[in-house]
């Protein structure tokens, strides 16, 4: 049920002392092959963290044998020295791995690096580098769960998944509980598979999967500097699935992780699916769903168990999607409180007492649809994010 | 110090019973001339309230002799019946005014209507229409302050202003404390002047004024369905100012009202000016300022007195503005905590104990600038907006 479920992967999660809590904070995942193909997507934020800049280069090289991840610091907005820190992290990882086994003679250019935590501060390299040594020593076929723990920041629980193919599997882990509005990629997530798949097949599968899963999570409208999703293939199953099978399994894994992210979002009391249909295009549906998901008045209303459909319509009205204002229907948890742009069923029929909320928006403008997942805006979100760095 | 400061205007604010509190809820402003020229800007939200659709038509007619405004209901998303309610409101106002004075023989097509309050519910016309009669009887040269009170919703205080020309003045009032991210226009605001000015001159002055005042308020990123700003000219001073003088006075009035809106925003504990400079264009500066203003993580950090410049950079990074990530400088209340995209002055030097916060962002990409005004995201905002309609 983790990144070590597929054959050919080992992992570890150790405590290097980056987190004051003493919790695990360095994760390492090694691909023992026989293949070492890779695909990745990254944040579209133009302010990119040093590990994102590094890993983009590594992935371009086409071979990734190891990924080292740390929580306790994002290494973003840290300038050239921050980039040197990332480089040193990859170097140390490559060296330690090469010394640990004759079969693992790898270079820094085959080591991806991910970091997460506070933006704008240098990493304590005097603790991180020894932590890498510990992680190499702790590598195990059963190390996936520990690795998933080591990348947590404000997450309250680790997030892992598995999706089964026929004779092969996809495993995965992710972290992310705030600054959660991915553009192209999201947060940190590592997926592994023992399928035989070339880089192009992996890339196609990963982009298709992200587009309809991570990319449609919009917890708080805030795009991170560090978002990275990496998919590694070991080929250890000896089975080469069709592109459709591969894409389906990777999508299932990403979908499960994305749902776990929304379920664990900072301070959330509601897990909200905004299902937009009757759209003239899928892009229109995404634009409308995202506009509703980002609207603080909609989010606070749902926190207050208030099916305030007027705020939903006001959010839809700010978009450029095709629709007529008097042609929009809105349901909250199955009750069509708005039809043709005006009040319909009695809003008092809406039951918002549970955690799950479904908002349906019918634009009555076509046949396309999309779902965006978000959360409410609660006192706990304000509290957590007004106190995070201090 | 209100809409009745300029010569030629009378106003009233009365209680019609639309608000359960018993506070004033119907305002009326009458232009006694000799002129009745007008300019207006409206919300760019495509879901427009009935009074916006009505008043757009009225303003196109070129003559506005009266404006009737109600709080206690937005009359938005109310369908064809809601539009009939607005029409009936204008009709009743025209009839009552025509009966009150032989000098005021006006038609419904010369009466602008504005509404504000909850979206999606019909107005109680059995209370509103009698209230219009009361307002006509209460009209007075000193009625401006009562009118400003009558348009308040979650506002904690009325907002009025005056800007002096040479021998003429501009007066104004506004309301708005939430759903405050105007697109082109904002909230409800009525401006009056006794200057002699044609519709074109008024339009030019009003658009120029709004573009740099109301349009740059972005309190909570949520655009209203009812935003309307109307400028009426009576010509009663007999003085025709130059376009520059007119624009300057209208801009001064709008600026003062915009600042009052930000000062009274729902639940706010901070009044934040985001000053973006070194931009390649004014549009770039506005985009960057707005992105920072809408970022919930920046807003919660400031609520927590935390000069978290990393979140500011992450918000800048989501824009398409011209800049290099390693070329951005950020100051919070005068302390340059970030230079060249990385940590600079000690963040502990930043004093955030007061209500006013200035964030300076130097993009180092050109010579243009813009300021966006916003607020923090507080527990009180969440509380107020999770309980508003219930």
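Quick reminder: no glycine exception, Cβ is built from N, Cα and C everywhere.
Heads up, TrEMBL stuff is auto-annotated, nobody curated it.
DSSP gives residue A:266 (substrate binding site) a coil state; it is part of no helix or strand. The substrate binding site feature in TrEMBL is assigned to A:153, A:175, A:186, A:266, A:385, A:390.
For A:186, the entry in TrEMBL reads active site, nucleophile.
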**OP:** For residue A:175 (substrate binding site), just give me the three-state DSSP call.
**Re:** strand
**OP:** For the binding-site residues A:153, A:385, work out the Cβ neighbour count at 10 Å and name the residue with the minimum.
**Re:** A:153
Original post:
Looking at the binding-site residues A:153, A:266, A:385, which ones have a CB within reach of chain B, meaning under 8 Å Cβ to CB?
Top reply: A:385
**OP:** Would you mind checking how many other C-beta atoms are within 10 angstroms of the C-beta on residue A:266 (substrate binding site)?
**Re:** 26
